[in-house]
Amino acid sequence: MMYSRFRTVAGNLNCAAKRLSSSSTTTTTTSAPSELQQNLAALRARLAMESPSLSDFISLKSDNAYSVEVGTKKKPLPKPKWMKESIPGGEKYVQIKKKLRELKLHTVCEEAKCPNLGECWSGGETGTATATIMILGDTCTRGCRFCNVKTSRTPPPPDPDEPTNVAEAIASWGLDYVVITSVDRDDLPDQGSGHFTETVQKLKALKPSTLIEALVPDFRGNAECVEKVSKSGLDVFAHNIETVEELQSAVRDHRANFKQSLDVLMMAKEYAPAGTLTKTSIMLGCGETPDQIVKTMEKVRAAGVDVMTFGQYMRPSKRHMPVSEYITPEAFEKYQTLGMEMGFRYVASGPMVRSSYKAGEFYIKSMIDSDRAASS
């Protein structure tokens, strides 16, 4: 219907144009210009009445013709009251930050914008200061949808002085417990496992009393890489499965998967000296169901993992996957209780918990010390 109106109007315009052209080349009576002007005025009026307007293409929700919603993006979920963050500070916090800048070292605390940075670096309520140092550079070869770390297929080569710098820095801070993690380095022949091992060994040589948790990538499931790091002298071998089995492909890089991660944790338990703890972590609020969480916990426990942590997924930026749900503190408590009933030696579960959050708290430290005393 609308297109037929356009054709009629176009035909009338052509007729008017021909008459206008004819009047410019021939001499007519004085009444011709008057007739032409009347025809043009009539066409303008008809065009104004029949031309399509904005309302022909959209349905308006209000009297304001231009008050329309653009796009289909969902509004982000508002943060609930229990997700408040504390402001970093304290003498130990300042000391650690200054030393990091001097030695050009990276921490996952800063790279991942962890909300617990201030509490961990300053020692929090227990006075046990912890930090998570990120080695092998600040650029990852993978691109998980939840992670804020930079990515590249060809990141810069590792700094050969990094193991020494990291060991000396941590030894000077007097930390009771440190987490050493790294980006994925699929570009390196040994996935960075040699660099990781050297860092742990140098720190243990300088400060044997410091408990070391190595939060490692999956090394693409390479048993030789896992064995090398497991026997480096660490106290806790950690590798995160990140989310429930059903959401792996939606959350993690395509080179990571649930089975591969479980295999890494089982290999670590086999290769590491007796008394070495294994640990993993998952984020909640990515779209998982309670049943999926429980099934994942059962499989992790069956793999012999000692420690498991649960925390709320927090979207680092608008470029990352949105938060599907904010899990209540009560739900986190239930998963903690269930985990202990399943046989995990320790479960940390709460909205603000991260894989290395309060890693050096008194309970875990006491557990490691107790195990060693019993075996000696």
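Cβ from N, Cα, C; glycine included.
According to Swiss-Prot:
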type	residues	note
BINDING	Cys109, Cys114, Cys120, Ser356	[4Fe-4S] cluster 1 binding site
BINDING	Cys140, Cys144, Cys147	[4Fe-4S] cluster 2 binding site
DOMAIN	125-345	domain 'Radical SAM core'
Cβ-centroid neighbourhood (8 Å) of the [4Fe-4S] cluster 2 site, Cys140, Cys144, Cys147 excluded: Arg142, Gly143, Phe146, Asn148, Val149, Thr151, Val183, Asp184, Asp253
Mean of the pLDDT scores, which run from 0 to 100, over the domain 'Radical SAM core' (125-345): 93
C-beta crowding around Cys147 ([4Fe-4S] cluster 2 binding site), within 10 angstroms: 21
Cys140 ([4Fe-4S] cluster 2 binding site), number of other Cβ atoms within 10 Å: 23
Packing count at Cys144 ([4Fe-4S] cluster 2 binding site) (other Cβ atoms within 10 Å of its Cβ): 20
